[in-house]
Amino acid sequence: MDWKTFQALLSGVNKYSTAFGRVWLSVVFVFRVMVYVVAAERVWGDEQKDFDCNTKQPGCANVCYDHFFPISHIRLWALQLIFVTCPSFMVVMHVAYRDDRERKYKAKHGNNSKLYNNTGKKHGGLWWTYLISLFVKTGIEVAFLYILHHIYDSFYLPRLVKCGVKPCPNLVDCYIGHPTEKKVFSYFMVGASGLCIVLNICEIIYLVSKRIARIANKLNRQKRQIAVSHNDHNEEPFDNSIDTMPTLSKKEQPPSFRSAVKSSHRPPGLKLEEKIRASAPDLSFL
Amino acid sequence: MNWGTFYAVISGVNRHSTGIGRVWLSVIFIFRIMVLVVAAESVWGDEKSGFTCNTQQPGCDSVCYDQFFPISHIRLWALQLILVSTPALLVAMHVAHRHHIDKKILKRTGRGSPKELEHIKNQKFQITGALWWTYMISIIFRILLEVAFLYIFYLLYPGFKMVRLVKCDSYPCPNTVDCFVSRPTEKTIFTVFMLAVSGVCVLLNLAEVVYLIGRACKRCLRGSDEESKVAWISQRLSTYRQNEINQLIADHSLKSKLNVTKKSPTEKGEMCSAF
């Protein structure tokens, strides 16, 4: 099991994410996992060997290293990356569960009946799962950033630390290897975490506002249908003034196409109530 | 996730690039990433263990190394390569976005057969309209990032020559000690090589910008072509809508009642969006 297999596992998540989710996934893989594997791991590679104390006392360097680095940055980031990407699996599992239910339903009631219109669409329970996974992801990111801040005193990595833990004979000087490089990479990884948190928050806002818009549209449509059913005796079947299509906002409106059909004869393929603008481009070819 | 997977991700963008863009991609992969992985990394591999100071004082090596090499060349180049290749993903996302819209339109007009959807996935887009701008922005970001990294390199290591000997007197070194860098000549050669290839990449990107602008101007001057003036999505939508309208006419056979006009959004006064 290595980062490659992990990445293979996660690319399945790509299908069910929103656009923000896909950007988040790319940021995680390119700026975090990639930088981690290719650069950061080398910088921290020999950190215990490079930790030098100004004494010949055996065991002093070991004990001091353990005192100042209870858990290495590199290990913290590896854990953070694993935990942060796991909530996405909740979504995959929920879709798999839906598929399973659909299959059982089809087996019971014949192939033509459908339980779900589209198992991958974020409606109903899946929407909540997705939202909860976003909150969990954000929470984990913040928690790890706090742990890093708490253990390492805001990324402060000096060249020299003074250590007086037994068996060191007195207060000895211990020198950390590559402190500046480590600081640079700490800032980079923390910056990438921050970016991911911002993306998650944007995605939460986007999901919630889309849902609210959908509900508002539905209510609007119901109101209109009630209003139109009162006007059913209208002679003009092609009255352009009856706008049976809920209007899109000015920005997204395609070249105007006034409905030429009465609401009751609205052809099934022409429901334009949802935005044409794509919400989830498919990056699975990457 | 390693350079191999990164290569797979970035080469996906290859299909939608211009010719110069493909040359740039090959230069990046062959002359920079490959050289970095296969050669440069082993040259800098023992840079810390090979850095020796003329003193037995523990810690002096570490401190002097950190003072003279705040961030290693190798790490700088790795970061540079990752960040410089990332704008290409912007283009990939825009193309994926267009594919998605195409699919949605097809499904809405009832033509969502798997064959057609597959065809959309493999469709190559012309670099026009909003995609032109995305592409342009990605190239400009590339140029800016390359130049930024070259500047950082110059700030940290003025002069590309790697010295054999540095004199260091930071605490805890007892006095000014001589410290020796490992493999300085080999490092100089690779530094010169990587800087030269960075320069070549910047030139390629500039050439691509000029090429794209030139192509756009040519199309602008040539094209009083109505199609090219209409934004891509409305073009698609009006094509499909016209088909729908025709179908409705056929279904309801009330031609006389119909007064549907195809409005093109040139009324906004789009100047030369003919890119």
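Placed from the backbone N, Cα and C atoms, the Cβ positions cover glycine too.
Small disclaimer: the values here were computed from a predicted structure and weren't measured.
Annotated transmembrane segment per TrEMBL: A:20-39 (among others), in sequence order. Outside the transmembrane segment (A:20-39), and at least 6 residues removed from its termini, the chain residues within Cβ reach (under 8 Å) are 3, 7, 10, 13-14, 74, 77-78, 81, 84-85, 88, 185, 188-189, 192-193, 195-196, 199-200, 202-203, 206, 280-281, 283.
Per TrEMBL, the feature domain 'Connexin N-terminal' maps to A:42-75. Taken together, the residues of the domain 'Connexin N-terminal' (A:42-75) have an average pLDDT of 88.
Beyond its flanks by at least six residues, the transmembrane segment (A:77-97) meets 6, 9-10, 12-13, 16-17, 21, 25, 28, 32-33, 36, 40, 119-120, 125-126, 129-130, 132-134, 136-137, 140-141, 144, 189, 193, 196 of its own chain at Cβ-Cβ distances under 8 Å. If you look up TrEMBL, you'll see A:77-97 (among others) marked as transmembrane segment.
Per TrEMBL, the feature transmembrane segment maps to A:127-148 (among others).
In terms of DSSP helix, strand and coil, the domain 'Connexin cysteine-rich' (A:140-207) has 42 helix, 8 strand, 18 coil. If you look up TrEMBL, you'll see A:140-207 marked as domain 'Connexin cysteine-rich'.
Annotation comment: TrEMBL describes A:185-208 (among others) as transmembrane segment. Sequence-remote contacts of a segment are chain residues at least 6 beyond its ends whose Cβ falls under 8 Å from one of its Cβ atoms, and for the transmembrane segment (A:185-208) they are 18, 20-21, 23-24, 27-28, 31-32, 35-36, 39-40, 43, 73, 77, 80, 84, 122, 127, 130-131, 134-135, 137-138, 141-142, 144-145, 148, 152, 155, 157.
Residues annotated as region 'Disordered' in TrEMBL: A:230-286.
Note: the domain 'Connexin N-terminal' (A:42-75) comprises 18 helix, 2 strand, 14 coil (DSSP; helix = H, G, I, strand = E, B).
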